Amino acid sequence: VLSSTDKSNVKAAWDKVGGNVGEYGAEALERMFLSFPTTKTYFPHFDLAHGSSQVKAHGKKVGDALTNAVGHMDDLPGALSALSDLHAYKLRVDPVNFKLLSHCLLVTLANHLPNDFTPAVHASLDKFLASVSTVLTSKYR
C-alpha cells in the first residue's frame, strides 16, 4: 500500500519526468531488451534496434500508462483494468517481465534524475511500480 509520502514522492518524481515520458519509456524498454534478451520474444514483429520507431512508440505507450497510473494512485485497478486485460488475456505476458521492466525504469529514472533520485524517492517509485505490476498481473489468477 502506498503511503501519502510515497504518493507525494511519486508525483514529484513524475512531474520531473514531464515531457520525457516517451523517451524514458523507450530507453527502459531498450535496457530491458539488452539486459533480459528473453523479453524480446513478446515483440517478434518489432525492429528492436536502438532508436527504432516501434520501440519509441511502445515506450510512449508505457510512459503514458504510467502517467495515467500516477494520476490514479488511489484506484490503480480501475485505471489499469483494460491494460491488465490486454496483457493477461490477449498478449499473455509472463508476469515476471513487469518486474524486469520496472527495474529498468528505475535505472532509467536514476540516470536522468540523479539529484532527485533519493533513497526515499527510489523506495516510493519501487513500491509504486510494484503496485502497478500487481494490478497488471491480477487477472492472471
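Start at 1 and count along the chain as shown; that gives each residue its number.
Note: Cβ is positioned from N, Cα and C throughout, glycine not excepted.
Taken verbatim from Swiss-Prot:
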- HIS58: O2 binding site (BINDING)
- HIS87: heme b binding site (BINDING)
- 1-141: domain 'Globin' (DOMAIN)
- SER3: phosphoserine (MOD_RES)
- LYS7: N6-succinyllysine (MOD_RES)
- LYS16: N6-acetyllysine (MOD_RES)
- LYS16: N6-succinyllysine (MOD_RES)
- TYR24: phosphotyrosine (MOD_RES)
- SER35: phosphoserine (MOD_RES)
- LYS40: N6-succinyllysine (MOD_RES)
- SER102: phosphoserine (MOD_RES)
- THR108: phosphothreonine (MOD_RES)
- THR134: phosphothreonine (MOD_RES)
- THR137: phosphothreonine (MOD_RES)
- SER138: phosphoserine (MOD_RES)
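Mapped onto this structure are the features recorded in Swiss-Prot.
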residue : record              : Cβ neighbours (10 Å)
SER3    : phosphoserine       : 10
LYS16   : N6-acetyllysine     : 15
SER35   : phosphoserine       : 12
LYS40   : N6-succinyllysine   : 13
HIS87   : heme b binding site : 21
SER102  : phosphoserine       : 19
THR108  : phosphothreonine    : 23
THR134  : phosphothreonine    : 15
THR137  : phosphothreonine    : 19
SER138  : phosphoserine       : 15
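TYR24 (phosphotyrosine) counts 22 other C-beta atoms within 10 Å of its own C-beta, drawing on all protein chains shown.
Per-residue pLDDT, averaged over the domain 'Globin' (1-141), rounds to 95. In terms of Cα spacing, the recorded positions LYS7, LYS16, SER35, LYS40, HIS58, HIS87 all stay beyond 10 Å of THR134 (phosphothreonine). Checking each of the recorded positions (LYS16, TYR24, LYS40, HIS58, HIS87, SER102) against THR137 (phosphothreonine), the C-alpha distance stays within 10 Å for HIS87.
Put simply, the residue listed as 'N6-acetyllysine' is 12 Å from the residue listed as 'phosphotyrosine' when counted between their Cα atoms. Residue counts for the domain 'Globin' (1-141) by DSSP state, with H, G and I taken as helix and E and B as strand, are 113 helix, 0 strand, 28 coil. Within the same chain, residues at least 6 positions away in sequence whose Cβ sits under 8 Å from that of LYS7 (N6-succinyllysine) are MET73, SER124. With respect to their backbone Cα atoms, SER102 (phosphoserine) and HIS87 (heme b binding site) stand 15 Å from each other. Cα to Cα, LYS16 (N6-acetyllysine) and THR108 (phosphothreonine) are separated by 13 Å. A distance of 13 Å separates the Cα atom of HIS58 (O2 binding site) from that of LYS40 (N6-succinyllysine).
Considering only the recorded positions SER35, HIS87, SER138, SER3 (phosphoserine) has SER138 as its nearest partner by CA-CA distance. In the shown protein chains, 17 other C-beta atoms lie within 10 A of the C-beta of HIS58 (O2 binding site).
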